[in-house]
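Peer 1: Once you've had a glance at the structure underneath, I'll fire off some questions.
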């Protein structure tokens, strides 16, 4: 419409240019074209949009108004031009105006009111001028225009009626679509969700409605399961996963979430079954969640079937273990072999990749091996195992024979008949030549006939190289025979050799097919497992291997117990080079042996960190000894009855460039026999020197306790070292107390420990059992060894403030036990008046902890002793008594 009106205005202006005033021929059409352009721009802006009905109505009203105004202006301008132009131009002007008006009217066929107005204000003025002119010709044209206008207006009325019918049809269609969508929504919720146990939650996920079948299934009342009560019936191992899935669904924006989770429910009988819960949200028009609809489906049978399928798939995975060369799939019923992997390059027959028959394979087998291979194929039905292994020579395309190792797994059909043979062919030609060379070079252990350390290193390097090429993995397992030295010492080297040979044979038999079992020396073995899948030889699998090798054996009529410890490391994850991999496997072995006999440990970065830390600790300890930086710090020990200071415990400290450090910083050194004994000797020397100084000053500090470790007893002269130093200093042995932990009573040094403690006790040195209750001590030890004092571990004391029943009972039991045995008790780690009052009330003799004094340098001990106030100590203890009386849970004594 706007284009027609604009074109007519331009042509009409051009036709009358120079015949009417400039303002009428150029100015007026210019304004009209500008207005027409603005309205056309509005139309283009709204074109293609889908506005709301109210906006559509406003736009149509604007269109009517614009059409009327523009038509009025256009018609008035035409009337003006007819008045000013030459009479001969009247017909042309009238024609332009009328054609433009009826064209615009036609474009507005859906708006009859607008069309009437366009004809009325646009075409009527010029038509009237023509009808009422004195020229018969012009009058005829005007009457013709009038009749044409009537016909157009009638057509407009019919078009408007059709337009209204269209709008009505569209409205009805929209209502039908909405009804259909609502019906589909209800249908989706009815069909998609299994109705076995339907449930509904609010928008937060809390259950608000639950099927009565829930009660019948679980024995839990429906009202008890509302909200989040239903989680009580979920298996505790599955509950975290259920909560995670449900939380993720609830947090999904704009109601786009859903929940689908499987878990076990406890039934009314107490057993568990697998169920599947699914839920979808119901949302409003803005996408906001109103509620959740869900159901619970019993899938226990399905899960059982899935587990059976998984077991079957696992068997298939084992059948396709990494033989990184050629993979084959033999269809026994169709005489067909499918090849993959490196078949084309290894065998030299690219056409084999398209599949071959068994005859094609057998024809190329070496004549000396052919009958054996054919016999294996023909006897698959009689094979009582699933694994199939064969080695033969194969004629390659270049005319040379390859040594191939065929490994496969027999897949049987539902009737138990062999249906497929799945496995691999490995080209071992170069390996055969290499093995011959190694045998000639005597790279085997003379005792066990296993590869020795040299061949082991070469095999490990080869395995890593192949793994890099193929993208596979290699696992290295290092094993050590437990208590082997004891076997040699007690039964002789013949028994030890027989034990090693038996273990070698068992490991070789139990190891994976492609594995290399080597003896590295002494009682150490190693197994290289190339081509493994990730996690294939996990700790449990290695334990099974150890179990096969750890059965008891008989030597000269005597049964020998066999036990091995193992550490493992995986190539490229735990080490890039053979040396690094072996080193890390050794670290894992050491960690396994530290946990006891028959243990397995996989390498972890923490083991390397711990080893480096241990090395640093040993260095620091040696450095501290060399630089004479070991000093004792003294912590007072208080009599709980009198408040007096009875003595001190000498605690090891050492000077570091970063400051004073505790023994924890060199903890690994305490497990080293040599360093540990040197640290103890240095502490004894320092304590005796301090005792001499205090004695010369007339300060009575009481008894000083020093700590002894297991390593101190291994040399057998520990008692002499202590007593000789005391005698040389002129000090009484009664000034010294030796504290040992329960671990010294265990192992092979029991007799030595017993003799040492007996000598010290007889000389006057008291013996204290430190950290009592945290180790392996028993009443037998208290009876067997000369223990004068029991020190209750601080871990039990620290939880007294928390009213811990178990720790309270332990503390009370230890105190009463010691009292009945005539043994003095010391409570370590006393930090609060409550703790002091509690142990005092139970009958404990001595307390030690920060409440009475922190460890201090020797220079401060004299001042502490001289200024010690027993009444103040008793006052502190008394301040905690009130709290003890208010806590009947603790007053078990």
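The backbone N, Cα and C atoms fix where each Cβ goes, and this holds for glycine too.
A TrEMBL annotation is a machine prediction, not a hand-curated record.
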Peer 1: Select from 9-27, 28-46 the stretch of residues annotated by TrEMBL as transmembrane segment.
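Peer 2: Checked against TrEMBL: transmembrane segment maps to 28-46.
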Peer 1: Looking only at the domain 'GGDEF' (472-605), what are its DSSP counts of helix, strand and coil residues?
Peer 2: 55 helix, 40 strand, 39 coil
Peer 1: Determine how many residues of the domain 'PAC' (259-311) DSSP places in helix, in strand and in coil.
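Peer 2: Grouping H, G, I as helix and E, B as strand yields 12 helix, 30 strand, 11 coil.
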Peer 1: Could you count the residues of the domain 'PAC' (388-440) that DSSP puts in helix, in strand and in coil?
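Peer 2: Its residues fall into 12 helix, 30 strand, 11 coil.
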